[in-house]
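Presented below is the structure to which this report refers.
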Amino acid sequence: MMAAGPRTSLLLAFTLLCLPWTQVVGAFPAMSLSGLFANAVLRAQHLHQLAADTFKEFERTYIPEGQRYSIQNTQVAFCFSETIPAPTGKNEAQQKSDLELLRISLLLIQSWLGPLQFLSRVFTNSLVFGTSDRVYEKLKDLEEGILALMRELEDVTPRAGQILKQTYDKFDTNMRSDDALLKNYGLLSCFRKDLHKTETYLRVMKCRRFGEASCAF
């Protein structure tokens, strides 16, 4: 039988994941900064896992194993997010301030809002993407959470001009085309990478501020 402590933690995590940011900020204005960070980390972790699972399923279904490595080293695998000075790992992220990491995370999230509106049309028969029509909503929730954290840290007006030089294309619904398959494969790879960065930045900030034992990741 599961102990009361872990069970309570799991229930709290599930509740936070399902709770809209409007409720967090509006109905519970006294919610602690640690609670806002915990909520953001859970949402980013959930989205990153979904992105990773989807990439793996797409790769297994459509991309021959012998071609995967070569494709990942071509232009199709280039991510537009690489045009911004974003840390590439935990050590680099620790050199940035919390507000810098939040601004970068916001840019990464916002770069996907357009393409992900069409995601469910591409993966209508996918088991992993059975909830693909909600990915956009989840991403919007995370965007709101990051903005809430920025407001808490008194950065009311995010810097103008910090935008991606390019943005991501929409996913191609013509899955019978080789070009479309390669395009979608590249987009899913970038989505996975960008969500991994976002999750890493949020976890670095949370651990740095609150020094939790679970900071070794």
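Any Cβ shown, glycine's included, is placed from N, Cα and C.
CYS190 is paired in Swiss-Prot with CYS79, the candidate among CYS18, CYS79 named as its disulfide partner. In this structure, the disulfide-bonded residues under consideration are CYS190, CYS207, and the one with the smallest number of other Cβ atoms within 10 Å of its Cβ is CYS207.
Rounded to a whole number, the C-alpha distance linking CYS207 (disulfide bond) with CYS190 (disulfide bond) is 26 angstrom.
Between the recorded positions HIS46, CYS79, GLU199, GLU199 has the most other Cβ atoms inside 10 Å of its own Cβ, all protein chains included.
Classification of HIS46 (Zn(2+) binding site) by DSSP places it within a helix.
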